[in-house]
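Copied over from TrEMBL:
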- 17, 57, 124, 125, 126, 127, 128, 129: ATP binding site (BINDING)
- 11-102: domain 'Clp1 N-terminal' (DOMAIN)
- 121-322: domain 'Clp1 P-loop' (DOMAIN)
- 327-423: domain 'Clp1 C-terminal' (DOMAIN)
Ligand code: ATP
């Protein structure tokens, strides 16, 4: 399964894939020698060495057969001839038809909106991977679908703790990931929505409205539609948030990912079946919404809490330093008085005395609370607010902070959450 690192060739039969987890200490080089193959929807260029960073988990899939050459060690490396990829390609074909139908229609026709796909399912069911495949296949055909990432746990577009959207104009680079040229990002500040469910909903709504505005002025993007990636939290409040996202983004295709193929079927209602039937029941009165069950790939790697924490930390490091250490963030010293730091949410909106008798003060999920700058803020990831309103100055001490670039920050108002990062 693991490989020590010497040069080697792997011949892949049609409709099979080579599943790889790069070794922990060094990158892996890989190239396509013959045939055609793709990584999560993006075709490999022939005879061109690609370098994959340590720990990356991915698969090289071929529809018609290919030969791959590799150099470098791997933790895992095996060929699988049973994959759900053909069913994913079929989904893509249906979406493609809908895009073609939407394109010629005038903007005031509701059908001028291409497919709005939302991918749901438990953790480690391959949601991000399927989202990438659908986006890359669409981009390959010349569409410009919008990728919406509502998963604050890992952060496929920017860093964990954010929700974001960005147009995908080219198949996604299997090494670099989602392009970061023009993302629209909202900082939630926590890696689980339960910290402030209402704020999460407010931000999802805000993101949806801005995306909607952008799409309304662009027929091509509108016909291309969206692919929305969600969190793996599908029980209780997590399920409510999925319904909220479906409703807010007016999703019309819900893809429910679930169980891996099994030789022995389990007769208990599994989590995928349950989620699929619950969503289908809720949406049965909404015409034109398809709720589709899809098989999870056996190649999706399960990640425990410790691994997730590590990959969050890698993701934040990558944000500041770049994938190949090619960015140079700046360490700066500033006076405490140069910044005002806030947390969002918490305190009551109005005092009880100001409310009608019997009414309970409701917590305002977007209420700002000033934060004292002290040791508690060490290693906290802060977002720079676009707010222009002046606010109170806190004290006259200094802090050292890491910023993506040199020079002044665009604003002195910073937002803290619970996302932390310790540079190692
Ligand atoms: P989350 O629980 O964070 O929402 P998810 O359901 O989005 O996870 P993915 O991120 O798509 O799951 O997949 C989990 C990991 O498995 C990723 O590192 C991904 O690259 C890897 N992976 C997915 N499919 C395959 C495959 N066919 N072969 C090898 N690795 C794969």
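Just so you know, glycine gets a Cβ as well, placed from its N, Cα and C.
Remember, TrEMBL labels are computer predictions, not curated facts.
Sorting the domain 'Clp1 N-terminal' (11-102) by DSSP state (H, G, I as helix; E, B as strand; all else coil) yields 18 helix, 44 strand, 30 coil. For the binding-site residues 125, 128, the largest tally of other C-beta atoms within 10 A is found at 125. Predicted-model confidence for the domain 'Clp1 P-loop' (121-322) is 88, expressed as mean pLDDT. Within the same chain, residues at least 6 positions away in sequence whose Cβ sits under 8 Å from that of residue 129 (ATP binding site) are 40, 297, 300. Looking at 17, 124, the binding-site residues in this record, the fewest other C-beta atoms within 10 angstroms of the C-beta turn up around 124. For residue 57 (ATP binding site), the count of additional Cβ atoms within 10 Å of its Cβ stands at 16 [all protein chains shown].
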